[in-house]
Every structure is written in C-alpha cells, then in structure tokens.
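A.B. asks: I have a structure I would like to understand better, so I am pasting it below and will then ask my questions one at a time.
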C-alpha cells in the first residue's frame with residue numbers, strides 16, 4: 001500500500017530563502033530569525049525604513065544610519081548648523097538661512113543698514129553707529145560755543161547756550177551776583193569790565209588812563225598830568241593838594257577804575 005507525501009505548510013510562508021520544515025516552522029538562514037524568516041532590527045528602523053536583515057535598515061530618501069535616525073541635507077549646513085531633517089538645517093544663534101549662511105545682527109541693523117557679518121552692520125549714506133541708529137554728522141555751519149553736531153544741521157548745545165547753532169547764551173543769574181557792572185556768563189561766571197577783576201569783579205584794578213578833568217574850583221580847564229594816589233577801597237581817586245591862585249584846592253574824583261589828571265598850580 002502506498003503512502004501519499006504531504007509537504008509541510010508554513011503560513012506565512014518562509015522568506016529570505018528559509019525552508020518550511022514543519023507546520024508553520026521555517027528553517028531560516030543566518031540573519032533572519034524572525035517569524036517566517038523575517039529580519040529583526042533592534043531598535044526598529046525609523047522614519048519608514050525597512051528592516052532588510054539583522055539590524056540592517058533600508059532607509060527612505062532623506063535619512064541614513066543604522067536605524068534611519070540620521071537626516072540627510074544634500075546642501076550641507078554651514079557655520080555650526082545641524083541637519084535635523086531632510087534638507088532642513090538647525091542654525092546656531094549667530095546665523096540663519098537654509099544652509100545657515102546668513103549672519104545675524106542682534107539687535108537688527110536699522111535705517112536700511114545691512115548685516116554683513118555677525119553683529120556687524122554696513123550703513124547706508126547718512127547713518128552711522130553699531131546698528132546704523134545715529135544720523136551722520138552733517139552740519140553745514142559749525143555749532144558754536146562748544147555745541148556738537150548730532151544730525152543733519154542739528155546741534156546739541158552745551159549748558160548755558162541755545163539756538164540752532166548754539167549761538168545764544170541763556171540768561172543766567174550768578175550767585176553771588178557780579179559787581180561793578182559785570183555781566184553774568186554761563187556756568188556761574190562773571191565777565192568783568194575794564195578796570196575790575198576777581199571772581200565777582202569785586203576788585204578795582206585802575207588801569208592807567210589819562211583823562212582831562214575840569215572842576216568848578218579850577219581857574220582853567222586845561223591841566224597837565226599830575227600825581228594821583230592808588231585806588232581806594234571804594235574806587236575813589238583822591239588827588240594830592242595843589243595850590244591854585246594861592247589857594248588850596250582838593251579834588252575828589254569818583255571815577256571807578258580810572259586814574260585821572262588833577263589841577264596843577266597856576267603860573268602867576
């Protein structure tokens with residue numbers, strides 16, 4: 001009596017050249033230990049990769065590596081950038097752009113300026129400064145009295161002055177006040193008239209000035225230069241006594257800060 005041979009059945013069928021040797025039992029070649037002689041990759045292939053044999057993945061376009069975990073950027077990331085996805089770069093804090101080729105200026109360049117290197121701006125005409133934030137100095141007429149040109153025909157005036165060119169002194173009061181007709185200037189200083197000196201023009205210097213002096217007691221107006229004393233504490237000039245027509249004449253001249261001529265003895 002003959003016996004019919006019934007081959008073994010494996011479901012799913014054996015893959016990768018495996019041989020079905022019994023019901024759902026495959027004799028698998030090395031590297032394919034999975035069910036039905038399928039390959040096993042541990043960890044599993046990522047991003048849609050296919051496990052081809054033991055821990056060997058067939059990765060889709062844009063990914064590579066043992067587990068398809070490494071992104072591929074056909075155009076490489078520059079300046080320290082990192083490829084984090086197919087054709088996608090993650091740039092460092094100083095660069096931007098698809099390949100991290102564009103430098104960044106933080107804060108950004110202003111008034112039409114262009115960032116040409118990390119934190120370095122090139123400014124258009126009329127602007128200057130680290131971020132092109134300062135209007136260029138363009139004063140057709142120079143600023144006066146210590147003023148500084150800060151923009152197109154604009155002056156920043158020193159303390160005590162005002163006006164388009166800082167030409168006008170601000171009216172101030174000096175403390176303590178100026179004396180003997182002196183003018184109060186900015187910064188609490190006094191401008192002294194001729195014949196006075198000191199911080200408040202309180203001293204009389206009596207410069208040598210020859211002045212013809214006539215007096216009702218003088219017989220004649222025309223006199224010759226004579227001796228005079230120094231200025232007194234109140235600026236009073238006191239001439240020494242002279243004889244005029246055999247009479248003593250004393251002349252006091254209240255001319256602050258000036259030497260004078262005194263009447264002289266008349267020839268008889």
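Here the Cβ of each residue, glycine as well, is placed from N, Cα and C on the backbone.
From TrEMBL, for reference:
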- 10-20: disulfide bond (DISULFID)
- 28-37: disulfide bond (DISULFID)
- 41-51: disulfide bond (DISULFID)
- 59-68: disulfide bond (DISULFID)
- 105-115: disulfide bond (DISULFID)
- 123-132: disulfide bond (DISULFID)
- 139-149: disulfide bond (DISULFID)
- 157-166: disulfide bond (DISULFID)
- 174-184: disulfide bond (DISULFID)
- 192-201: disulfide bond (DISULFID)
- 6-38: domain 'EGF-like' (DOMAIN)
- 39-69: domain 'EGF-like' (DOMAIN)
- 101-133: domain 'EGF-like' (DOMAIN)
- 135-167: domain 'EGF-like' (DOMAIN)
- 170-202: domain 'EGF-like' (DOMAIN)
A.B. asks: DSSP three-state call for residue 20 (disulfide bond): helix, strand or coil?
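C.D. replies: Once the DSSP labels are grouped into three classes, residue 20 (disulfide bond) ends up as strand.
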A.B. asks: Hey, what's the Cβ neighbour count for residue 157 (disulfide bond) at 10 Å?
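C.D. replies: So the number of other Cβ atoms within 10 Å of residue 157 (disulfide bond) is 20.
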A.B. asks: Should anything in the same chain at least six residues away from the domain 'EGF-like' (135-167) have a Cβ under 8 Å from its Cβ atoms, list it; otherwise answer none.
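C.D. replies: Contacts with the domain 'EGF-like' (135-167): 125-128, 185-187.
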A.B. asks: Using DSSP, what is the helix/strand/coil residue split across the domain 'EGF-like' (39-69)?
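C.D. replies: Taking the domain 'EGF-like' (39-69) as a whole: 0 helix, 9 strand, 22 coil.
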A.B. asks: Which secondary structure state does DSSP assign to residue 192 (disulfide bond), in the simple three-class scheme?
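C.D. replies: It is coil.
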A.B. asks: Could you give me the DSSP helix, strand and coil counts for the domain 'EGF-like' (170-202)?
C.D. replies: 0 helix, 8 strand, 25 coil
A.B. asks: Tell me, in order along the sequence, which disulfide-bonded residues from 37, 115, 157, 174, 184 have their CA within 10 Å of residue 123 (disulfide bond).
C.D. replies: 115
A.B. asks: Have a look around residue 184 (disulfide bond) and count the other CB atoms within 10 A of its CB, chains all included.
C.D. replies: 17
A.B. asks: Just to be sure I understand the packing, how many Cβ atoms besides its own are within 10 Å of the Cβ of residue 115 (disulfide bond)?
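C.D. replies: Summing over all protein chains shown, residue 115 (disulfide bond) has 18 other Cβ atoms within 10 Å.
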A.B. asks: Once the chains shown are all counted, how many other Cβ atoms turn up within 10 Å of the Cβ of residue 59 (disulfide bond)?
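C.D. replies: I count 20 other Cβ atoms within 10 Å of it.
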A.B. asks: Taking the Cα atoms as reference points, how far is residue 105 (disulfide bond) from residue 132 (disulfide bond) in Å?
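C.D. replies: For residue 105 (disulfide bond) versus residue 132 (disulfide bond), the Cα atoms are 11 Å apart.
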A.B. asks: Including all protein chains displayed, how many Cβ atoms other than that of residue 123 (disulfide bond) lie within 10 Å of its Cβ?
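C.D. replies: Result for residue 123 (disulfide bond): 20 neighbouring Cβ atoms inside 10 Å.
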A.B. asks: Rank aside, I only need the closest one: which of the disulfide-bonded residues 68, 149, 192 has its C-alpha nearest to that of residue 115 (disulfide bond)?
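C.D. replies: Looking at Cα distances from residue 115 (disulfide bond), the smallest one goes to 149.
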A.B. asks: State the Cα to Cα distance, in Å, between residue 149 (disulfide bond) and residue 184 (disulfide bond), rounded to an integer.
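C.D. replies: About 27 Å separates the two Cα atoms.
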